[in-house]
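Presented below is the structure to which this report refers.
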Amino acid sequence: MDRNHLKHQVLNMRRSLFDQLEELKDDANPNFVEEIVTLFYTDSARLIQNIEQALVNKPIDFVRLDDMLHQFKGSSSSIGAKKVKEACTQFGEYISAENAEGCTRALQLIKQEYAVLRRKLETYFQVYRWRDNLDKLRLHICSDLHKEPSGLAICEN
């Protein structure tokens with residue numbers, strides 16, 4: 001992959017995922033977004049497990065289930081996970097109707113959308129790190145070329 005293709009890929013992914021979070025990172029904390037997403041993964045795994053357990057326990061405590069879903073929906077929304085949030089909304093409708101079977105089906109959809117999101121985010125961070133490493137290598141090579149001009153055009157855009 002060439003550098004322009006990588007830039008294009010990263011820009012397309014950024015447009016579709018958590019642009020507002022990206023704007024919050026700075027030189028003092030360049031891994032801010034990755035840290036936030038890692039916290040999201042940890043909280044999400046815990047909440048999904050707790051929701052699964054709540055659906056197994058009889059009788060189902062729909063109030064507690066709604067509280068956990070509300071937490072998960074909020075954290076999903078805060079990182080821009082639109083499809084996960086939409087699946088949570090559907091799950092919430094089944095909770096309101098106290099429909100255990102519907103809740104179980106909705107949880108499967110949430111888990112599916114969460115898995116898709118996680119794969120996309122992991123790809124995003126891999127591409128971003130790769131591009132960042134290429135940029136650092138380019139700066140290093142350009143710095144060396146300025147010390148010993150060799151006539152190579154490697155530093156040109």
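Including glycine, each Cβ sits where the backbone N, Cα and C put it.
TrEMBL annotations: computationally assigned, not manually curated.
Within the model, the domain 'HPt' (29-124) shows a mean pLDDT value of 94, rounded to a whole number. The domain 'HPt' annotation in TrEMBL covers 29-124.
Listed in sequence order, GLY92 are the same-chain residues at least 6 apart in sequence whose CB falls under 8 Å from the CB of HIS70 (phosphohistidine). Annotation source TrEMBL lists phosphohistidine at HIS70.
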